[in-house]
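Undergrad: This structure is in C-alpha cells; I'll ask about it shortly.
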Amino acid sequence: MSGILDGKRILISGVLMESSIAFHTARLAQEQGAEIILTAFPRPTLTERIAKKLPKPDDVKVIELDVSNDEHLARLEGLVREHLGDRLDGVVHSIGFAPQDALGGNFLNTPFESVATAMHVSAFSLKSLTTALLPLMTEGGSVVGLTFDAQFAWPQYDWMGPAKAALEATSRYMARDLGKDNIRCNLISAGPIGSMAAKSIPGFPELAAVWDERSPMSWDLSDPEPAGRGVVALLSDWFPKTTGEIIHVDGGLHAVGA
Ligand code: NAD
C-alpha cells in the first residue's frame, strides 16, 4: 500500500509521552511510509521507551537534543547522516517550554530571564533546528512546527503567547529565506491537548474550557491525532506551493467570535 510520505526521510522532535503530538506524528509518518529519526529531551531513554510503541520500533534511532544547547545542535547533522543517510526531506519542530513563573496568570510579574528562556526554546529554536539540518535538505523539503493561536490573549497562557507569536513570525521569515531552496515552512495551530506541556500550565483546564463553550466542532482534549495528521499532510507533497502558512487544527474555534 502506498503512503503520502513514501520514501521520505523525516526528523521528528518532541516525542516525550504517548500524549505528545510528535508521537502521533511519528506513528502516522511511519504508517504513511516515511523513515524517521527522533530527537529527545531531556533524556533519550524516555523517548526510546515511547518509541517502542511506534508501528516500526526497530527502525527508529533517537538522538539527544536540547535545542538551547549549541553543542547538541552542532553535532546533529553528523548524527543524522550516520543513522539516516545524506538526505533529509522533512523536519518536525514540536517543542515548547516556559518556566513556571512565565505561566498561569503571572504575566505582569514575569522576569525577563524566564521570558528569554521561553523565547529561546519555543521560538528561536525553529530557526536553529532548521539551520542545523539545512546541509541535509539538498532536494528541498518541508519544515513543520506547532503553534497555539497567537492572535489572541488566552487565559493562563501568559508568556507562551508572545513566544508563539515569535514562532509564527519566525516561520514566515524562514519561508521567505528558504523558498529559493524549495524548502517550505509551515505551522499547525492546534487546539488544546492534554499533553505534558499542557499539564505544566497552571490553570490549563480553564484554557481548555474555552473549546467546550465555543468550538464549532466537538473537541477531544485527549486526542492528538488530528494535529498529527495536519503535520503529516504538510510534510507530504500535497501542499507543494504552501509556505509561511498557519493551518488551524482547532475544531474551527479561530473562525468564530463568540
Ligand atoms: P509535549 O510535552 O509532549 O511536547 C513538548 C516537547 O518539547 C517535549 O517533547 C519536550 O521534550 C520538548 N522540549 C522542551 N524543552 C526542550 C528543549 N530545550 N530542547 C528540546 N526539546 C524540548 O507536549 P505537546 O503538546 O505535544 O507539545 C508539542 C508542541 O505543540 C509544542 O510546541 C506546543 O507548544 C504545541 N502545542 C501544544 C498544544 C497543547 O494544548 N498541548 C496546543 C497547541 C500547540
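Glycine residues also receive a Cβ, built from the backbone N, Cα and C atoms like all the rest.
Copying in the features that TrEMBL gives for the protein in this structure:
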type: BINDING; residues: Gly14, Ser20, Ile21, Asp66, Val67, Ile95, Lys164, Ile193, Gly194, Ser195, Met196, Ala197; note: NAD(+) binding site
type: BINDING; residues: Ala98; note: substrate binding site
Undergrad: Can you count the other CB atoms that lie within 10 A of the CB of Val67 (NAD(+) binding site)?
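TA: Step by step: centre on the Cβ of Val67 (NAD(+) binding site), count other Cβ atoms within 10 Å, giving 24.
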Undergrad: Of Gly14, Ile21, Val67, Lys164, Met196, which binding-site residues come close to ligand 1, meaning Cβ under 6 Å from one of its atoms?
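TA: By the Cβ criterion, which requires under 6 Å to ligand 1, the hits are Gly14, Ile21, Val67, Met196.
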Undergrad: Given the binding-site residues Ile21, Ala98, Met196, which one's Cβ is surrounded by the fewest other Cβ atoms within 10 Å?
TA: Met196
Undergrad: Give the helix, strand or coil assignment DSSP yields for Met196 (NAD(+) binding site).
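TA: Helix, per DSSP.
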Undergrad: So how many other Cβ atoms are close to Gly14 (NAD(+) binding site), meaning within 10 Å of its Cβ?
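TA: A 10 Å sphere around the Cβ of Gly14 (NAD(+) binding site) contains 26 other Cβ atoms.
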Undergrad: Where does Ile21 (NAD(+) binding site) sit by DSSP, helix, strand or coil?
TA: helix
Undergrad: Between Gly194 (NAD(+) binding site) and Ala98 (substrate binding site), how many Å separate their Cα atoms?
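TA: Distance (Cα to Cα, whole Å): 16 Å.
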